[in-house]
Amino acid sequence: MKNILVTGGTGFIGSHTVVSLLKSGHQVVILDNLCNSSINILPRLKTITGQEIPFYQGDIRDREILRRIFAENRIDSVIHFAGLKAVGESVAEPMKYYDNNVSGSLVLAEEMARAGVFSIVFSSSATVYGDPGKVPYTEDMPLGDTTSPYGTSKSMVERILTDIQKADPRWSMILLRYFNPIGAHESGLIGEQPNGIPNNLLPYICQVASGRLPQLSVFGGDYPTPDGTGMRDYIHVMDLAEGHVAAMQAKSNVAGTHLLNLGSGRASSVLEIIRAFEAASGLTIPYEVKPRRAGDLACFYADPSYTKAQIGWQTQRDLAQMMEDSWRWVSNNPNGYDD
């Protein structure tokens, strides 16, 4: 059993990972500034897990609160989700993203070292591959040219953590590059909070389904794919959460930098996602095909074989379950955690 600090632990992926950690017998402390989440998730996490979870409201750039957390809790490892994640916003406000995502991660690493904690699992992204020109994506591909400050911030943090580990071999840096997380916890109690216009496909579909938006915009119908729409590797958020736990358990005591893809190894198109959601919900999702967005790729997906060999993890939940769990969450919580 380990005591894990989860930064961004009330966010979408962070909250589901908290559930997985507790289910696996670990203890958890959450740090979150609630800029993209809700305090109302905490009683729901208690309902799911049966445990009161220590929570600190604060920012990873705040050294004082980090020092207080490390002084008051015997932390063994950190799973680091805290960061801004809207691609479009990052293009408009790059300084905000580099300050939060890059400077924040550096402050966190410095305070971990000060406290004698040398194990971190970092929430990275497949965006660090850029456009390598071939699929599937494998961990030995070089870092690519990212298409947004969001993606660049993830790539920069990967480089920073890798350099820190080279200089100080006590560190275990676990860099998890994940693809497109969707779905929700099977209880319907936690899921993705619908704040504003969604950046990702499934939350957009869910807002149309719940009547918050009139129709779905499908960007690009002329890609070189079977139905002309973009294809992505979708992964159930609980599979993703379990991947974080598996990586932490397998590698947190193994010094080095560990790069791992977290994906299913399968690509699904936008129209396939729409049809799967319609099948799960019994609804019809109106959509309009619009021009491609700049920087969007036709198709990408993970090669998950290295990850399976390293930590014994692979996805368990199929597209139908992703849709069923998403629809349960949305239909039970049309306003997210504000109900």
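Keep in mind that glycine also has a Cβ here, set from the backbone N, Cα and C atoms.
According to Swiss-Prot, the NAD(+) binding site annotation covers 12-13, 32-37, 59-60, 81-85, Asn100, Ser125, Tyr150, Lys154, Phe179, on the basis of similarity to another entry. Positions annotated as substrate binding site by Swiss-Prot, on the basis of similarity to another entry: Ser125, Tyr150, Asn180, Asn200, Leu201, Ser217, Val218, Phe219, Arg232, Arg293, Ala294, Gly295, Asp296. Annotation comment: Swiss-Prot describes Tyr150 as active site, proton acceptor.
Sequence features, as recorded in Swiss-Prot, placed on the structure.
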residue: Phe12; record: NAD(+) binding site; contacts (Cβ under 8 Å, 6+ apart): Ser37, Pro181, Gly191, Glu192, Gln193, Val237
residue: Asn33; record: NAD(+) binding site; contacts (Cβ under 8 Å, 6+ apart): Gln57, Gly58, Asp59, Ile60, Ala82
residue: Asn100; record: NAD(+) binding site; contacts (Cβ under 8 Å, 6+ apart): Arg61, Gly83, Leu84
residue: Tyr150; record: active site, proton acceptor; contacts (Cβ under 8 Å, 6+ apart): Leu84, Lys85, Ala86, Val87, Ser90, Tyr97, Asn101, Thr127
residue: Lys154; record: NAD(+) binding site; contacts (Cβ under 8 Å, 6+ apart): Asn101, Ser124, Ser125, Thr127, Val128, Thr146
residue: Asn180; record: substrate binding site; contacts (Cβ under 8 Å, 6+ apart): Asn200, Leu201, Arg232, Asp233, Tyr234, Ile235
residue: Val218; record: substrate binding site; contacts (Cβ under 8 Å, 6+ apart): Thr229, Val270, Leu271, Ile274, Tyr287, Glu288, Val289, Lys290
residue: Ala294; record: substrate binding site; contacts (Cβ under 8 Å, 6+ apart): none
residue: Asp296; record: substrate binding site; contacts (Cβ under 8 Å, 6+ apart): Phe219, Gly220, Gly230
Exercise. State the three-class DSSP label for Leu201 (substrate binding site), counting H, G and I as helix, E and B as strand, and everything else as coil.
Key: helix
Quiz item: What is the total of other Cβ atoms whose distance to the Cβ of Ser125 (substrate binding site) is within 10 Å?
Solution: 19
Self-check item: Assigned element (helix, strand, coil) containing Asn33 (NAD(+) binding site), judged by DSSP
Solution: coil
Self-check item: Lowest local Cβ density (other Cβ within 10 Å) among binding-site residues: Ile60, Leu201
Solution: Leu201
Exercise. Could you find out if DSSP has Tyr150 (active site, proton acceptor) as helix, strand or coil?
Key: helix
Quiz item: According to DSSP, which kind of secondary structure is Asp296 (substrate binding site) found in, if we only use helix, strand and coil?
Solution: coil
Self-check item: DSSP-derived structure type at Asn100 (NAD(+) binding site), helix or strand or else coil
Solution: helix
Self-check item: Assigned element (helix, strand, coil) containing Ile60 (NAD(+) binding site), judged by DSSP
Solution: coil
